[in-house]
């Protein structure tokens, strides 16, 4: 029971020391697998760890946690003791080859080293993501909190020291490497800086459907076969150039160029142009008709004025003749009167 309580307290200490969020799917799977191993260790106490190995661990600061965990483990293990009275022939089973007890003995040291190395590896990344990014580095704006949480949860899959958990492959701008189960990770300072820049300038996949890179383009694949078959891509080549990225303010204001206008717009434009043409033609016809009418009226007026002048001239000539005739008539009347007077004087002597 000391070995079982040691494993339980060790995992609890690893959970407390890890700076990552344990609410992801990888954390739940690892805890479920750890529970399976603990159940196996309960029923295999004679074949478990020795007390010497359990006492020689490198956990001097966790005495209180080990004592409390051992008390709870005893209560859980000896709550029902009926299984201890059963007799079974265990010679048929080779538990060393079946459950890999050697791996279980070496698991605490490897888990401790991987936890320390990964904590040191991702500590500067968490500090840089918590800081405010400079305005010149991130052209898209502040990343949503959900992406940061996913990045913090994803590295926990590297810490699964179980034979049945899949390995995770990752790539950096300089080189690509695979993390084996329980292996140590050593990355220099030069390799950490490009990784932090990649976390800051990560393009969200919801910006545009055409710009979403595939798993091979991003340099991350889930299986070794797909990783070996795909060509190596760096984050600088997999991303689209900044000229092709739509600006956050101009993407909504400027619509896409369309190959053709909508039918309603073309019909209305044609109708408007036809109406304008008809109006212009009518205006020109009215102008020409008005000018012709004015010309006719002017010609008629000129003809009438000419005739009137001629008639006036004739009238004046006729008046002169009438005056002359009236004068002659008056002169003749006067002569006739004088002749009558002369004849009357001659008759009266």
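Any Cβ shown, glycine's included, is placed from N, Cα and C.
Under the heading phosphothreonine, Swiss-Prot lists 212.
What Swiss-Prot records for 214 (among others) is phosphoserine, and it gives similarity to another entry as the kind of evidence.
What Swiss-Prot lists as motif 'BetaTrCP degron motif' is 214-223.
The phosphoserine annotation in Swiss-Prot covers 218 (among others).
Annotation comment: Swiss-Prot describes 223 (among others) as phosphoserine.
What Swiss-Prot records for 230 (among others) is phosphoserine, and it gives experimental evidence as the kind of evidence.
The phosphoserine annotation in Swiss-Prot covers 234 (among others).
Residues or ranges marked as phosphoserine by Swiss-Prot on the basis of experimental evidence: 247 (among others).
Taken from Swiss-Prot, the feature phosphoserine applies to 251 (among others).
Look at Swiss-Prot and you will find 258 (among others) tagged as SUMO2 cross-link.
What Swiss-Prot lists as SUMO2 cross-link is 270 (among others), and the listing cites similarity to another entry. Around the Cβ of residue 270 (SUMO2 cross-link), the number of neighbouring Cβ atoms within 10 Å comes to 10. In the three-state DSSP scheme, residue 270 (SUMO2 cross-link) falls into the helix class.
The domain 'bZIP' annotation in Swiss-Prot covers 276-339.
Remote same-chain partners of the region 'Basic motif' (278-298), defined as residues 6 or more beyond its termini with a Cβ less than 8 Å from a stretch Cβ, are none. Annotation comment: Swiss-Prot describes 278-298 as region 'Basic motif'.
What Swiss-Prot lists as region 'Interaction with GABBR1' is 303-339.
Among the features that Swiss-Prot reports, region 'Leucine-zipper' is placed at 304-332.
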